Amino acid sequence: MLRAGWLRGAAALALLLAARVVAAFEPITVGLAIGAASAITGYLSYNDIYCRFAECCREERPLNASALKLDLEEKLFGQHLATEVILKALTGFRNNKNPKKPLTLSLHGWAGTGKNFVSQIVAENLHPKGLKSNFVHLFVSTLHFPHEQKIKLYQDQLQKWIRGNVSACANSVFIFDEMDKLHPGIIDAIKPFLDYYEQVDGVSYRKAIFIFLSKLSNAGGDLITKTALDFWRAGRKREDIQLKDLEPVLSVGVFNNKHSGLWHSGLIDKNLIDYFIPFLPLEYRHVKMCVRAEMRARGSAIDEDIVTRVAEEMTFFPKDEKIYSDKGCKTVQSRLDFH
């Protein structure tokens, strides 16, 4: 009996090793090998074994709210509103076993304030492979939708792409970068998928997540900057700024901005975007935090002299007060290369 059990285990191990070798090349072969291993051992399901060697969409995988909170607090600087809203929105959405619609977030702010970084953190906390996951999809307006005369084609392609990927994984994440450069009208093609429908053509989109990233033009950016400046000039902490101070004017500003992909969009008109999240302009102290974080990421010891020199190389506005970095932390990496 012992010998027979040892032989079964050895055979299963050999088949699993074979599956691992071919995993990157041929999923059908992997499936056959895993099926054989399951039959031999009798105690591991096909999915249990397959998902050890290939990425699987696990709808039951819970969100680790503590890990997400730690990532946001330790890696995102100067954005208390984004940290608070994203943590609550994602936690509430993933804890709801029967959401009525997909979660839709619209992130707005100047360049270098952390919008793309946050989308990366969110992706990594929802799917272990993050932006490299088969279930996280990034669209860049200038890359994927460059030609205004092809709007109808882009709309059709976008609908097919989202339908196919949500059919494969209900928990899919879709990130739309450069919404400020997207031709108006394209994004409305996905309006039915973001609405309160149980299914659209046999597919449920209710567990998907959509994230829009917009670098603000002067119109939208001034709304955020003015609020931050008003608080600063009144001697109030930026952490006292609340979402209600910015979200209403931000949504109206984006809706009426002809240079926005959300200009007169039905997504806003029908209240299908759950949160408009403002990213505040970054101060000198936040830039120094970014420099330290980059040094740690490179495995370098923190040298405060270098931190100060890099931060002082940045340019700040308004002209008189020089409070906010005009590029946020966007050029910190390249500037650190010179020190």
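Glycine is no exception: its Cβ is also placed from the backbone N, Cα and C atoms.
Curation does not apply to TrEMBL; its annotations are automatic.
Among the features that TrEMBL reports, signal peptide is placed at 1-24. Per TrEMBL, ATP binding site is recorded for Gly109, Trp110, Ala111, Gly112, Thr113, Gly114, Lys115, Asn116. The annotation domain 'Torsin-1A C-terminal' is assigned in TrEMBL to 282-338.
Overlay of TrEMBL annotations on the structure.
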residue : record           : contacts (Cβ under 8 Å, 6+ apart)
Ala111  : ATP binding site : Lys215, Lys327, Gly328, Lys330
Gly112  : ATP binding site : Leu282, Ser325, Lys327, Gly328, Cys329, Lys330, Thr331
Thr113  : ATP binding site : Gly78, Gln79, Phe279, Leu280, Pro281, Leu282, Gly328, Cys329
Gly114  : ATP binding site : Leu76, Phe77, Gly78, Gln79, Ala82, Phe279, Gly328, Cys329
Lys115  : ATP binding site : Leu107, His108, Gly109, Leu213, Ser214, Lys215, Phe279
Asn116  : ATP binding site : Asp177, Leu213
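Every protein chain considered, the tally of other Cβ atoms within 10 Å of the Cβ of Trp110 (ATP binding site) stands at 23. There are 27 other CB atoms within 10 A of the CB of Gly109 (ATP binding site), with all protein chains counted.
Secondary structure of the domain 'Torsin-1A C-terminal' (282-338) per DSSP, as helix, strand and coil residue counts: 29 helix, 5 strand, 23 coil.
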